[in-house]
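Everything on this sheet refers to the single structure shown next.
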Amino acid sequence: PFAPLSTIQDKLSRLALFFSREDFQRIGELAVNPLGDRIINAFFPDDKQSLDFRSFIRILACFRPTVKDKYADPNAAEPINSRSNKLRFAFQLYDQDRDGIISRGELIQVLRMMLEAQVTEDQLESITDRTIQEADLDGDGAISFEEFRKSLENINLEHKMSIRFLQ
Amino acid sequence: EKMGRDRSGCVARSALLTALALLLCCPVAGNTAEQDSHTEHGDSHGSNDTGFHIVTFRWEHVQAPYVIALWILVASLGKIVFHLSEKVTTVVPESALLIVLGLILGGIVWAADHTASFTLTPTVFFFYLLPPIVLDAGYFMPNRHFFGNLGTILMYAVIGTIWNAATTGLSLYGVSKTKIMGNLDAGLLEFLLFGSLIAAVDPVAVLAVFEEVHVNEMLFIIVFGESLLNDAVTVVLYNVFKSFVEVGPENVEGLDYFKGIVSFFVVSLGGTAVGIIFAFILSLITRFTKHVRVIEPGFVFIISYLSYLTAEMLSLSAILAITFCGICCQKYVKANLCEQSITTVRYAMKMLASGAETIIFMFLGISAVNTEIWTWNTAFILLTLVFISFYRVIGVVLQTWILNHYRVVQLEIIDQVVMSYGGLRGAVAFALVVLLDPKMPVKKLFVSTTIIVVYFTVIIQGLTIKPLVNWLKVKRSQHKEPLLNEKLHGRAFDHILSAIEDISGQIGHNYLRDKWTNFDRKYLSKIMMRKSAQISRDKILSVFRELNLKDAISYVSEGERKGSLAFIRSSSDVNVDFTGPRHSVVDSSVSAVLRESTSEVCLDMQAIENRTKSPKDREEIVTHHMLQQHLYKPRKRYRLNYSRHKLVRSDGEKQDKEIFQRTMKKRLEHFKPTKLGNNYTTKFRNMKKERAAKKKHSDAVPNGKLSTHSVAFQVKDSEAEDPSDGGISFLITPASNESDEIRAGIENPSFSVEEDQSDFQMIPPWMSNEETVIPSQRARLQIPGSPTNFRRLTPLQLSSRSIDSFLLADIPDEHPLSFLPESSM
């Protein structure tokens, strides 16, 4: 009898060395999360097959709630969990080819993932176009990181992209 | 379309009228039958000497059960009548309608007879009507959320109820001193007694109303949990003050107060303990019921009911007992029982609970028509109403302020408003007040006031809570119009966050939960879950592909069993139309769009319908609307689906299914280029082999249509002889004469289906040279109907460990995998 491959939680508790893609894919909830696979890919960039604990934690750290520290040294390096970095995480989910902008094609892909199956291609494209139109400030037909950030300035990111327990 | 609507309107109206007429006849019939029987009896008495009667009218013989059955019938008919009119039910909560119906019926009976023959007696209420409702609540309670918010719930239940009781009682007493209410023959203790019974929020009423108002799950759990758990406090306070009143205020000693406080702990913890013990017994028993599947559901009900009665016998909190029995046994019962039994339990429970609630409200109406109980004292009644509302608001605000310091997710103003306004009183208060000692002079006054309070909260507050919430919601949202981008990316963030939470497996305080899960895994589950359930839980952990296949197999077999082989046979139906009632939004007029967007009231601020007052653009609205409608909801939002009256499969299931298909399709694509032989087999473990070996082939095809050509593929571990390492058997069951259609019906661009497929089903994959994976049916097709089984794939509410939830949902012995043939290995 062999020992079954353990779950991520087990590994976490034993500070096991490596995660593989399969560990993530095994999580049921991710399979029904529209962005599930992309998120898994975020943990395994560039076709890496294994993930060490440190990298894992580094990505998780991005989701710590930000603490407004008035006395922070303005010259210090930006903390991992800053608002900007949270946005960057999301941005990178959209931007698969890492060219720094979300092109129309990429946005269509994401929208396809996030919308129900009954939405037709035409509707999808029109939504994409309007979305880009709304956010696109310099008129290049794509959304850069700055434009992305600007369009979301009213959203309470603290609430949406933070997990309390990490505090 | 208008004509059709008119016609159906006519039909509905006429049906309504005939139904109403029927309804009104029933009680009259019941009563006249009674009277008739008297005369009949007299007649037959006289003519008894003349010999044998072929047919006699023996009313008293059947009277008791007949009347009961008749009332249940009337109540249920009432429900049908209400639902005939859509408009009415969306505005008026059902409970209010039922009370009104009860009033009417009571009026009729009264007019016919001048006696109030039917009332809601506390015995009937507490022994027969309340347990099903509370059991239903406990059994379907989403445990994770419940225990996650347990601190909050306890605080509101205990401190809140004590606060309400004390302040109301004391205020009434204070006011009574000023003689505004006239000369009431009641002292401090009587008022405190009244306060304690009127203070408790009622689970029946809360559920009935909150069903109409879709609030976010956390809020629902808090209010609902509060209404359940405050029973202990109510029972203790009620009994304490009742005995004090009977003994007389002069005889109360200090020791009695102390005893009262101690009794609170004893009652609550004792009740909980009783519930847990019975849950344990229940789980243990269901472990062994494999061979008596037909009566399995019975155990659930009987043992839970016994827990209620036992607690009642020991004068502990019976509601707590049965609630915790339901809460604790959920997981094991669902793991142990066979699928049909689980469905039976669910439906039966819903039926009993819904029926009981209907009867309760109807009788609340009827019981009011009874001149003997009425004493009107305007000041008292008004003041009571004012006090309970006022103190509830203050109580909620204060407690929330305190709690928000400790809570991870804050409770906002809207939540507090809903909580205060949604604190409804109901039948429990009524039953308690009727139980008061009749010798108490103010009893009649209390009864009348309680009835008025209950009516007020259920009817008025129930009616207005939805518009109130709507108004508040709209007010909040008018600050800003969320942009398209905000909506879209906001939703994406929600998904990301849920994913991260799932990955890390933790939300909020989890030290306890982890400890509990470990303990449960190591000890409890071993004792209380069937071996098969445990095994499937452990071994399957290996590979996600297994999950996919198993799931696919189970799905196909479900499809077979349901006879929905249509999706295999007919190629034309394969691309199933998922569209719901709304097909294309694009060409609807602006007003139609806006009208359609009046969807359910949702307190969750992020899911706001954008009621733009000044649309920039028709297309803009349409786009917003489309996003609103069609964006997949993140996990939290759709999960909670508690409803007394419906066992609906939530939209979440359909969403899950779509996403799941897509995900699995993509993942399976990874297999395409890999050689089947080694990769595939080495990763497989045999979990079903023993089980498959046991089952006969004939079990395999329940609907008998595919008896001839079931083929089993067994992927063997080509290297080792390790028996425990055998392949997983999975089955593709095409009927031979359908094979052409099947091939035609399967459209999947990702998987190449070879041309030389005359015998392709017969060749096990490891022997074929093609690099194909035989994908699961589900991965290939778009599926027409979603199986009820699908829900069990990701029942998040069962367990915090994601894998566990997959597997707990998983297939027990008797499940569809029975179609696997004997192992031919």
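Cβ coordinates are placed from backbone N, Cα and C, and glycine is handled just like the others.
From the options B:306-329, B:378-401, the stretch TrEMBL describes as transmembrane segment is B:378-401. Annotation: stretch B:153-175 has the most Cβ pairs under 8 Å to the transmembrane segment (B:378-401), among B:66-84, B:153-175, B:219-241, B:261-285, B:413-433. Through the fold, the transmembrane segment (B:345-366) approaches residues 71-72, 74-76, 78-79, 94-95, 98-106, 109, 116, 118-120, 125, 128-130, 132-133, 135-137, 139-140, 204, 207-208, 297, 300-301, 333, 337, 426-427, 430, 451, 454-455, 458, 644-647 of its own chain, all at least 6 residues removed from its boundaries and within a Cβ separation under 8 Å. Here the transmembrane segment (B:124-141) does not touch the transmembrane segment (B:261-285). Their Cβ atoms form fewer than 3 pairs under 8 Å, with each pair 6 or more residues apart.
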